[in-house]
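Read the structure below first, then the notes.
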Amino acid sequence: MASPELSQFRRIVVKVGSALLVDSDKGEVRTSWLAALADDMAKLHKEGRDVLVVSSGSIALGRSRLKLPRGPLKLEESQAAAAVGQIALARIWSEVLGAHGIDAGQILVTLQDTEERRRYLNARSTIGKLLEWRAIPVINENDTVATTEIRYGDNDRLAARVATMASADLLVLLSDIDGLYDAPPKNNPNAKLIPVVDSISSEIEAVAGDAESELSRGGMRTKVEAAKIATTGGTHMLIASGKIEHPLQAIANGGRCTWFLTPANPITSRKRWIAGTLEPKGTLTIDAGAVTALRAGASLLPAGVIKVEGQFARGDAVIVRGPDTSEIGRGLIAYDADDAERIKGRSSPDVMTILGISGRAEMIHRDDLVVGG
């Protein structure tokens with residue numbers, strides 16, 4: 001299967017690891033390399049694309065600023081180092097993007113923020129607004145409070161979850177290696193790059209090694225796990241070398257990398273993920289007009305809802321049924337059960353009056369809705 005081209009993608013997440021961002025010998029940011037990467041991002045941004053960054057580096061920068069000795073850190077030491085490093089990391093990204101007239105917006109998350117649905121929706125809304133304002137969200141794991149993530153390193157998988165949460169169509173993992181090989185290239189001079197992976201088979205998983213360093217906690221295995229998450233959620237992913245300057249430009253020019261392709265259209269695949277992995281917590285019954293609107297691709301508005309059942313929170317999955325009780329689809333609800341009951345059957349302008357807040361007009365946004373046949 002032919003490799004896609006970078007120009008095909010509208011919303012791109014770029015993951016930058018600590019080993020690329022921080023010079024391990026000096027303990028300082030690789031400023032020339034980062035400026036070149038920012039140039040690449042600015043070019044994509046100028047072309048009208050949405051660009052997001054998932055950046056590691058807070059612990060590495062913190063331990064450098066605090067002049068901590070080399071070697072493993074205890075959990076509380078990692079968290080304290082991250083507290084210092086996060087400030088430095090935010091300033092660095094603000095400066096390199098600001099040089100191109102682009103605002104950077106910092107978002108700190110953990111894996112829980114992408115798994116607990118209310119927090120998922122809040123984070124996604126924030127990302128969406130930053131992109132609407134043409135800022136570049138810079139997302140980092142909140143290492144000051146994370147526990148398991150610090151010990152085992154999950155920023156590759158975090159990046160994949162962020163990419164699906166943001167409905168990105170491409171995730172770029174910049175690494176110290178230019179892709180996935182059929183054997184460890186450091187040990188086998190005959191190892192061959194695998195340019196395209198259209199299905200993550202057991203054979204693909206078997207060739208994923210563990211290329212680790214003191215600064216970068218993830219290896220190829222976590223990148224393949226990230227590819228599973230990304231492609232299942234509708235996001236293509238690629239692994240490319242970040243050791244060169246202008247790595248995104250190199251990809252655009254056809255440089256060496258490994259593509260992991262989604263099995264279907266990204267939107268379709270993401271919606272299959274929503275429908276297939278979440279346990280419904282309630283049911284909405286809608287009128288015939290709303291059924292027609294949903295099947296035409298519209299969002300579900302409160303006016304079309306005639307019955308609310310179950311105890312659910314904002315962001316939970318619910319079943320949507322027609323007036324004859326047949327299942328129309330499933331989706332992520334934008335209100336909790338009590339508020340949904342209060343605004344059912346009401347027009348969108350009434351929502352603010354009833355709830356006393358400027359709520360979202362949709363009961364379920366079409367991007368969060370899977371409509372059946």
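The backbone N, Cα and C atoms fix where each Cβ goes, and this holds for glycine too.
Remember, predicted model here, so these are calculated numbers, not experimental data.
Marked as ATP binding site by Swiss-Prot: Lys15, Ser175, Asp176. Taken from Swiss-Prot, the feature substrate binding site applies to Ser56, Asp143, Asn155. If you look up Swiss-Prot, you'll see 281-358 marked as domain 'PUA', on the strength of sequence analysis.
Taking Cα separation as the measure, Ser56 (substrate binding site) is nearest to Lys15 of the binding-site residues Lys15, Ser175, Asp176. Taken residue by residue with DSSP, Lys15 (ATP binding site) is part of a strand. Taking each Cβ in turn and tallying the other Cβ atoms within 10 Å, the top scorer among the binding-site residues Asp143, Asp176 is Asp143. Considering only the binding-site residues Lys15, Ser175, Asp176, Asp143 (substrate binding site) has Lys15 as its nearest partner by CA-CA distance. In the three-state DSSP scheme, Ser175 (ATP binding site) falls into the strand class. If you average pLDDT over the domain 'PUA' (281-358) in this model, you get 92. Rounded to the nearest whole angstrom, the C-alpha distance between Lys15 (ATP binding site) and Asn155 (substrate binding site) is 8. Residue environment of Asn155 (substrate binding site) contains 28 other Cβ atoms, counted within 10 Å of its Cβ in all protein chains.
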